[in-house]
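Enquirer: Pasting a structure here, questions to come.
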Amino acid sequence: MNPLIFTMILLTVMLGTAIVMTTSHWVMAWIGFEMNMLAVIPILMKKYNPRSMEASTKYFLTQATASMLLMLAIVINLVYSGQWSMTKPLTSTTSIIMTLALAMKLGLAPFHFWVPEVTQGVQLSSGLILLTWQKLAPMSILYQISPTINLDLLLLMSLLSILVGGWGGLNQTQLRKIMAYSSIAHMGWMTAIMVYNPTMALLNLVIYILLTTTTFMMLMMNSSTTTLSLSHMWNKTPLLTTAILTIMLSLGGLPPLSGFTPKWMIIQELTKNDNMIMPTIMAVMALLNLYFYMRLTYSTSLTMFPSTNNMKIKWQFSHKKPTANLSPLIILSTLILPLSPMLALLE
């Protein structure tokens, strides 16, 4: 793709998200979503092949359906309130339809089926944009409508997402699918706390984006897309492989790593609101996520796949890539937990 055209497309994606996050007019928010969706499709098809074509088509159909539901909710809200402003409280019907539309855009269960398929069909760089940047706009709208959102519906989808994210990641050998199911589970944690403490949901989003970005950047450096290629990284970049596995455990929520921080704070916040059953179920389901990450770490680090002798000296001939920006990302992705007492100020 021409670098100038690619830059313009990236700017359009950013502009669409910025419009959604800053506007207080429902039509402008819808336009922002459409700009973002149409601009991100060429990024998904950056490497043109049948798989990326199929992934882009699935993404377009899902997002177009979500946009249609969103516009339906906006029109119903206009009929009831007579205003386009996002500051006005939503009616119950509008709230349910809008929650479903945003759940479809975020990839919450039961609207999650497109996330693993699309992520698996695109390049690692496109998958990074899909699982990080594309979550910002829907989450900002959820944040704004959180006071009038349907609590029961959102909690049900949150529990389903955490369960699906845990079950789906089991027996996966493709790293992009593992990251996609991890994304579904993390979205479930964020939406579970959205009504009780929206600021904490945003904190969870920031930590999730940080962890996912670091993981994808390190996978891109070695073009690793399967557990087999990840295990061969020991011969090329042993320190980087150790960092990847540590951050994957952080994504699974293993204490004392950074990924444990939002889970701990969310469970604490839910129990403060006299909601005991929900955090108990969420904590048990989160063990599924941690299990497949620990199994991935075990199979990669403690068991060696068969390899030829010349693979064992591959690190001597590997091309050195710049890693200056990875150091702060790795530190933040593993060592945020000691800062969590300061995060209590969010409450």
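For all residues, glycine too, the Cβ spot is worked out from N, Cα and C.
Annotated transmembrane segment per Swiss-Prot: 3-23, 25-45, 59-79, 96-116, 122-142, 149-169, 178-198, 200-220, 240-260, 276-296, 326-346, in sequence order, evidence recorded as sequence analysis.
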Enquirer: The transmembrane segment (276-296) vs the transmembrane segment (178-198): three or more C-beta pairs under 8 Å (separation of 6 or more)?
Expert: yes
Enquirer: Counting Cβ pairs closer than 8 Å, which of 3-23, 149-169, 178-198, 240-260 has the most of them with the transmembrane segment (122-142)?
Expert: 3-23
Enquirer: Please indicate, using numbers and ranges, the residues of the same chain that are 6 or more beyond the transmembrane segment (200-220) and have a C-beta under 8 Å from a C-beta there.
Expert: 124-125, 127-128, 131-132, 135-136, 139, 142-143, 175, 179, 182-183, 186, 189-191, 193-194, 230, 240, 243-244, 247-248, 250-251, 258-259, 261-262, 265-266, 269, 325-326, 329-330, 332-333, 336, 343, 346-347
Enquirer: So what's near the transmembrane segment (240-260) in sequence-distant terms, Cβ-Cβ under 8 Å and 6+ beyond its ends?
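Expert: Counting only partners 6 or more residues beyond its ends, the transmembrane segment (240-260) has Cβ contacts under 8 Å with 182, 207, 210-212, 214-215, 218-219, 221-222, 230, 233-234, 286, 289-294, 296-297, 300-301, 323, 326, 330, 332-337.
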